[in-house]
Amino acid sequence: MKRFWSWAAIAFGAIYFLLPLIGTIEFSLRMRRGEYSLDAYASVLADPNFRATFGYSVVMALLTILLGVLIVVPTAYWVRLRLPRLRPVIEFITLLPLVIPAIVVVFGYIRLYNTSSVLPLTGTATGTNILLLCGYAMLALPYMYRAVDTGLSTLDVRALTEAAQSLGAGWVGIIGRLILPNVLGAVMSGAFLSFAIVIGEFTMAALLNRPAFGPYMQLLGANRAYEPAALAVIAFGVTWGCMGLLQLISRLLGVRKTAT
Amino acid sequence: MSFLVLDHLRKSFGPTRVVDDFSLSVDKGEFISFLGPSGCGKTTVLRMVAGFEAPSDGRILIDGQDVTRLRPNQRQIGMVFQAYALFPNLTVAGNVGFGLRVAGVPRAARADRVAEMLALIGLPDLGGRYPWQLSGGQQQRVALARALAPSPRVLLLDEPLSALDAKIRLSLRNQIRDIQQQLGITTIFVTHDQEEALSISDRIVVMHRGIADQTGTPSDIYNHPATGFVAGFVGTLNRFSAEVVDPVAGHVRVEGADIALGRLLPPGRVTLAARPESLKVAPEGIPARITGVEFLGSVHRLRARAGGAELVLDRFNAPGEALPRPGDHVRISAAPAAWLVLPE
């Protein structure tokens, strides 16, 4: 009986996650009347806006991961090494993006960095891109921080740091050669979530008027029937493909081996 | 001139003073042990030498250079930690070569030095393994090779044997001493294990409540303890309350028995003490009753009571020799030179 309920729970979960995906795939194939076809996919892939917006979001996602790593890894490391009493405060700060809506943050950005401000970032495309990048890094902060902090909890950060210092290493060397390689697995988990958030993000990109994939999907969904379904399937596949690639690269670079 | 000088070091954490006026001069190639109970300040002194703690007062000089304000990575000091602290993302060779890589040593020279170090610690074929694939003893030997690879000026060992089992501990401590003598490197070894300190040190600093109670050779520390704390902490000690009968001739009375020490004594009452191996069952001496006999292999340990004092006597195991039995009334004595006189 117990076994039955276990399988029932697995079946329910599978249906909950897979059914909408299967439905979307099935709908995306019905563009040609009376038969299945890949017409919707051909239409999407032929659209130059798809390639431009998806490429833009992928680049932004990678930059967000890079910025997130540059901010989070040294911060989480330093808090564990020197400021352990500040950990609850830092954890609270990193949780704020989950409780403050993105629309509030982006309006704050626009007020602070508009063309009449001291730092008029919204005055140029590059400046707005930087602003959007910072916004994405902030949105991904709770996931990246938690992943890295959990990775650091498996290390004796103080002993490793002191061992490296006694061998002549400076702070940059310690973080770059020891800490980062040892939390690479955790960083990849954070990167996965950051990537997924950025690829589908709509609010910030739309209000900052940047050519990102989220606003493009919304625009297509408002005007077409089958193409949005095909787009969703393509985005799903490409996102998972990119993440698989990241995992592969991290393995080739030598993510830390742990005892079993 | 001494190679390593610790000059009036003090260290406080908030209102708590953990090291107080600690001074020590160490010659080049000397092996010094800091011995003391937990919380006595021995590790704090070591960490100040390494640069991980800044002294509240005092100076640290290495080869004449004042390193008190230098960062740990500028001091050219090798350190071995209790918990090994090997880098888990690097192989054994990567760990041993880490300091050389940081120093910018070319790859070929680095590989040669790593091979030399691995041969020195007796693990020449394990360069490709990761730390988690090694036993505790192997990991600590790799940590030693890693600390020695960049040819540091001073080697610091922070309780490196504490996490190992007894057999490995014994063999590794001998190996540490052999390597230290082979390289002639100035070494400070922190331990709370008196046997470790006595067996491998040139000199021992016994620490108590942040100060150095006594500094001396292992023989000095064991045979001529300067304070009651040192006498009690290093080795087992039998203590008797004694009355000085003749301070000039050196006669005392213990439990009704007169003992001639043959040296000047302070007037009044003193504590007379002796090591278990110094006490003997003799025709004359302090009256005592045997309460137990234990066989420990190389020795028989006799337990006895003399007045209010519980005593321990060690006798070498000599097959065929008669031993007292529990309940026997005996007299206990020691050679005059074996008695320690401590303040009451």
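Using N, Cα and C of the backbone, Cβ positions are placed for all residues, glycine too.
The transmembrane segment annotation in TrEMBL covers A:7-29 (among others).
Same-chain residues lying 6+ beyond the ends of the transmembrane segment (A:54-77) with a Cβ under 8 Å from its Cβ atoms: 90, 129, 132-134, 136-137, 140-141, 144-145, 148-149, 152, 157, 175, 179-180, 183, 187, 190-191, 194-195, 198-199, 201, 205, 210-214, 216, 235, 238, 242. What TrEMBL records for A:54-77 (among others) is transmembrane segment.
Summarising the annotation, TrEMBL assigns domain 'ABC transmembrane type-1' to A:54-247.
According to TrEMBL, the transmembrane segment annotation covers A:89-110 (among others).
For the transmembrane segment (A:160-180), same-chain residues at least 6 beyond its ends with a Cβ under 8 Å from one of its own Cβ atoms are 69, 73-74, 77, 81, 152, 187. Look at TrEMBL and you will find A:160-180 (among others) tagged as transmembrane segment.
Residues or ranges marked as transmembrane segment by TrEMBL: A:186-208 (among others).
Per TrEMBL, transmembrane segment is recorded for A:229-249 (among others). Here the transmembrane segment (A:229-249) has long-range neighbours at 21, 24-25, 27-28, 40-41, 43-45, 50, 54, 58, 61, 188, 191-192, 195-196, 199-200, 213, 217, 220, meaning same-chain residues at least 6 beyond its ends whose C-beta is under 8 angstroms from one of its own.
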Statement: Same-chain residues at least 6 beyond the ends of the transmembrane segment (A:7-29) with CB under 8 Å of its CB atoms are 36-38, 40-41, 226, 229-230, 232-233, 236
